[in-house]
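Worksheet for the structure shown next.
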């Protein structure tokens, strides 16, 4: 196959050659899909719900995974930085996130094309971001990518678990948030039974429906209830709060640490290029109206209520939103944790195992540290900003931009690239300028100012509530009274 591809690349026009370079792994993906179905024969309905790999599946995965519990903390960010800055930075970081997701997809296709020409088979093997970096740039980049990606996904899973406990408390406050964390840690551990991103088809679809309901509940609920008496909108008042809020928005649109795994689950991965942008455009319809309406209605009260549910009156609509978000956070926990499962399987030599139950058993140790960290740091809201500044800034902004520039730094690499430049960038110089801008901006604003602000805020939460806080930001208990 590699010799045929080489001959065709030499003889065919450039556009056809590029097509040929990725055709082989399209066939591989189809073959894997057929093997997967033939190994587990079942009804057409089972395949429809369980086996996903289309462009639409990828879009649902990206849109569903991009905004989960952070939807409830964006109004908090608006109160920290003001409405205008909140809107502008949402659009700005949404575009930046879509661009770096595009870069990751290009690097995946480049890596996959090179390996396919070497007759490397990826059957029963899920390609991950650190392997792409290893193949294109060497072992040092692999180590950096692995460290940042795994740490980010670890804390991303921790955040979902914290959010579960925070949300359920607004329905049932008979148990404190720490106890709820114990319970939901056990529930989320069941994600070990979901083999790969192929099998999230129905969950991604349902998850996006759940966040859509919640976003519009926040928007309509805030508008219907109107502004609270004496509402004030004083943000931004302090630099530390401003950059904490900005970093939470950076975190919001930095959910593409699982891009490579989602691409690998596609039957035609090269079609992924603009999917993340399309997903982001839909996410804007959820995040902008809900955060704007909540900040308009409640203003500075949000500064002490990181979870938007805390300010809305309890009724059936709110309870439904809470329950739907709980289910969605279970799904998002699986999204964040599945790449960690893959890494662990590869470390212990179990990644090629086809038995779902055996793989589930060996995956369980991954959940234990996540459970433990969620109990230590239950700071819903501030932990998002800290993770955004220290981990997301590198994992999904700086490293992909630098990796892309280094991969195509030579004239021969640019000439033989598996993918052409995007239509809106006529030359490689502009590509490097854009990537350099992202690296400098995120290092200075995201990691520098954002890191300073978010860590200050995080440390303040530790000083105020302590580690292992039993019930973070819970209102004082009144005997016989129900939580609102």
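Yeah, the Cβs are placed from backbone N, Cα and C, and that goes for glycine too.
Taken straight from TrEMBL:
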- 51-444: domain 'Amino acid transporter transmembrane' (DOMAIN)
- 87-109: transmembrane segment (TRANSMEM)
- 146-168: transmembrane segment (TRANSMEM)
- 180-198: transmembrane segment (TRANSMEM)
- 205-224: transmembrane segment (TRANSMEM)
- 239-262: transmembrane segment (TRANSMEM)
- 274-298: transmembrane segment (TRANSMEM)
- 320-344: transmembrane segment (TRANSMEM)
- 356-380: transmembrane segment (TRANSMEM)
- 386-407: transmembrane segment (TRANSMEM)
- 428-449: transmembrane segment (TRANSMEM)
Remote residues contacting the transmembrane segment (146-168) - C-beta distance under 8 A, at least 6 residues beyond either end: 68-69, 72, 128-130, 177-178, 180-181, 184-185, 187-188, 257-258, 307, 309, 322, 325-326, 329-330, 332-333, 336-337, 339-340, 343, 369-371, 373-374, 377-380, 383-384, 387, 391-392, 394-396, 399, 472
Non-local residues, at least 6 beyond the ends, that sit with Cβ under 8 Å of the transmembrane segment (239-262): 58, 61-62, 65-67, 70, 73-74, 76-81, 85-86, 89-90, 93-94, 96-98, 100-101, 104-105, 108, 126-129, 132, 149, 152-153, 156, 196-197, 272, 276, 280, 283, 287, 303, 335-336, 338-339, 342, 381-382, 384-389, 392-393, 395-397, 442, 445-446, 449-454, 456-457
Of 180-198, 274-298, 320-344, 386-407, 428-449, whichever stretch has the most CB pairs under 8 A to the transmembrane segment (205-224): 274-298
Cβ-based contact of the transmembrane segment (428-449) with the transmembrane segment (180-198), 3 or more pairs under 8 Å: no
Result, the transmembrane segment (180-198) in contact with the transmembrane segment (356-380) (3+ CB pairs under 8 Å): yes
The transmembrane segment (386-407) vs the transmembrane segment (274-298): 3 or more CB pairs under 8 Å: no
Of 87-109, 274-298, 320-344, whichever stretch has the most CB pairs under 8 A to the transmembrane segment (180-198): 320-344
Other parts of the chain folded back onto the transmembrane segment (274-298), taken as Cβ under 8 Å at six or more residues beyond its ends: 55, 58-59, 62-63, 66-67, 71, 74-75, 77-79, 83, 86-87, 90-91, 94-95, 97-98, 101-102, 105, 211-212, 215-216, 218-220, 222-223, 225-228, 231, 233, 252-253, 256, 259, 305, 308, 311
